[in-house]
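Asker: Before anything else, here's the structure in question.
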Amino acid sequence: MNITSQRVKLAKFQSTIALLLLCIFLSILSDKFLTVDNGWNVLRQISVNICISVGMTLVVLTAGIDLSVGSILAFSGAVAAGLLKSGISFPENDLFIGFTLLGTILAGVATGSFLGFFNGWVITKFKVPPFVATLAMLTVARGFTMLWTKGYPISSLGTNFAYIGTGWFLGIPILVWIAVVVVIAAMIISNKTALGRYIYAIGGNENAAKLSGINIDKVKIIVYTLAGALAAIGGIMVTSRLDSAQPNAGMSYELDAIAAVVIGGTSLSGGRGTIIGTVLGAIIIGVLNNGLVLLDVSPFWQQVVKGMVILLAVMIDKANSKAE
Amino acid sequence: MKKLILALVLFASLTSCKKSDKAEEPKKIAIVVSTLNNPWFVFLAETAAKKAKELGYESKIFDSQNNTALESDHFENAISSGYDAILFNPTDAAGSVANATKAKAAGIPVFCMDREINSTDAATSQILSDSYSACVQLGKLFVDTLGKKGNYVELLGIVSDNNTWNRSKGFHSSVDNYPGLKMVAQQSADFDRNKAMEVMESILQAHPDIDGVFCGNDAMAMGAYQALVAANKADKVKVFGFDGAEDAINSIKEGKLTATAMQFPKIIAETAATYADEYFKGKKDFPKKLPIAVEVVTKENIDKYIAYGKK
C-alpha cells in the first residue's frame, strides 16, 4: 500500500478523526464535557441544524446553495404557532373550532415546502442563479414572518406542542428522534434511489446528466422543496423547544448549515459529499459551541475559533482531494 | 425627441403639481428605528406612528436593521423626500451623530427615542431610557435576593451593541461590591431566546451549582429559565431579565422569573411624537435630554404593570 492510497483512506475518515480529537481535547480540559447529560444537550442542540444541513447537503450536491433556510424556518414555525393559537369560538355552544396539533404541524411543513418549491421553480424555469433566488427568498420569507407575527413572539403554545421540543421517547429526546429519522431517510434517498443518483450526476456534470436523459429541472425542484420542508421541520422543532415562535428565529442558520456541509467534506461545486459527513460536521459545530461555553471562553474569541475551524476543515479537504 | 420633451413636460407638470399641493398636505414624520427584529423596538416604532396619526400627521417607519450605514441612507431619503421631522431611535451613540447632524443642517428636527447620541446639539431633544441606572437598581435587587453571596451567571446581549455593555456595566457596578457573589460564567446569547437556552444548558453542565442568572433582555431570561426547568433547577435559581416584555411580565406573575426592568417605550414614543407636534406649532425650546425613569418589576408590584408599560 503506497502513501497516496493511505491518505485517501485517511481522508474518508477525516471528519471522524477531527471530531474524536476535539472530544479528547475537551475531555482533558473539562471534566464536565464527557457526561451523559452533556451528550444529550449537544445532541438536542444540534438536532435542528442537522435537519437543515441535510437539506442543504442535497442542494449543495446539485452544485446549488440555499440561503433561505433560516427565514423559511422562522416563517414555518410562526405559521404553525399562529394557527395553533387561532380558531373560532362559540361560547354559547361551548364550542371551539381550531386546528389540531397535527394540522398545524402539517400546515407549517407545507408552508416551508411551498417556499422551497418556489425556490426550485425560479431557479430552473427562469435560470436565476440559486445564490440570488434563495437570497431573495431569505428576505421575502423573513418579511412574511414579520407580517404574520407583526414583530411580536407567539408564545404559550400548550404542553402537547411543547412535548415535541422537550419530551423523551424510549430514553431519547424527541428532537433527536426526528433528526435520526431525517438522516436515515436522506441516506436512503441519496444512496439507494434513482433520485439520489441523479442528484450526484447533476452536481458532477450537469451537461452529461442532461444528455443521459435526466430531467434536471424536476430533480432540482424536488431537492429545493425537500430543503424547504426540512427547514420547516426545523422551525417546528425550534418553536416547540422554546414554546414560542420568535420573529427573529433562525437568523443566520443558513451559515451554520453551510458550515456543517463544508466541514463534512461536501464540495461546494457539487457532485461530491455524503449525508453522514454533514452529520459529523454538524456534531463538530455543536461540540465546539458547547465546549467553548464549558471552558468559559470569551464570546469574542468563540467567533474567531469557529471561523478558524471551518477554514481548517476546508483546507484539509482541498489538500486531500488533490492527493486523490 | 418630441416624445422625450413631452415626457419631460408631463413630468415637470406633475412635480410642480405635487409641490403646489404640498401646503395643504399634512406634515410628514419619519420614524427611523434601529431594528424591527425585536418586539420592543416594534412596539416603540408602532406607538410613535400611532401617536403621530392621532395628532394628524402622516408617518412612515424606516428599519435600520442595526446598521448605521443603512440608517444614513434612510436619513438621506427622508430629507430628500420632504419629511418634516424625524423620530429617531439610533443604532449607535457615536456613529449616528453624523446622521442627525445631516438632518439638522437640512432644517429637519430630530427627536431621539430611547437611545442616546453623543452630541448635545444635533438632536432637538433626546427622550432617553436609562439602561445603566436601571441595571444599577436591578443589581441591588439581585444582591438582596441572593443574600449577598452565591454563584451567578450573566448572559450578555449582542457583544457589538452598546446597550449590552450599558446594562452589564450598570449591573456590575452594584454587584461587584460584594465579594461573596461570584460570576462563574459570562457568555453572550445575542438577545436571542433559543441561543440563551442552548448557552444556559451548556453552562449548567460546567456549573451545576448556581443561584442566579442576570440576562441583558427578557427573551434571554425566558430561554435561560427554560433551560433551568429542563435541568430541574428552576425553583432554586433566580432569573433576572430586562425590558418588560409580555412573556416576562406573565412569567413574573406566575413566579417563574424573579424580576425585570420596565422601560416605558409607550411614554418615550408618545413624548417624541408630541414634541414634534409642538415643534411644528412653533415651540423651539425643548429639554436637551429628558430621562424616562426605568422601574424594577417584581412579583410584589407586578399588578401595576402590563407588557411595555403601566396598566
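Just so it is clear, glycine is given a Cβ too, placed from its N, Cα and C backbone atoms.
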Asker: Which one of A:72-90, A:243-261 shows up in TrEMBL as transmembrane segment?
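Answerer: My reading of TrEMBL: the transmembrane segment range is A:72-90.
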Asker: Quick one: which of A:275-294, A:295-314 does TrEMBL have down as transmembrane segment?
Answerer: A:275-294
Asker: Answer with yes or no whether the transmembrane segment (A:46-65) touches the transmembrane segment (A:96-118) by the criterion of at least three Cβ pairs under 8 A, sequence separation 6 or more.
Answerer: no
Asker: Which of A:46-65, A:72-90, A:168-189, A:221-239, A:275-294 shares the most C-beta pairs under 8 angstroms with the transmembrane segment (A:130-148)?
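Answerer: Highest pair count goes to A:72-90.
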Asker: Out of A:72-90, A:168-189, A:221-239, which stretch touches the transmembrane segment (A:275-294) the most, going by CB pairs under 8 Å?
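Answerer: Answer is A:168-189, with the largest number of Cβ pairs below 8 Å.
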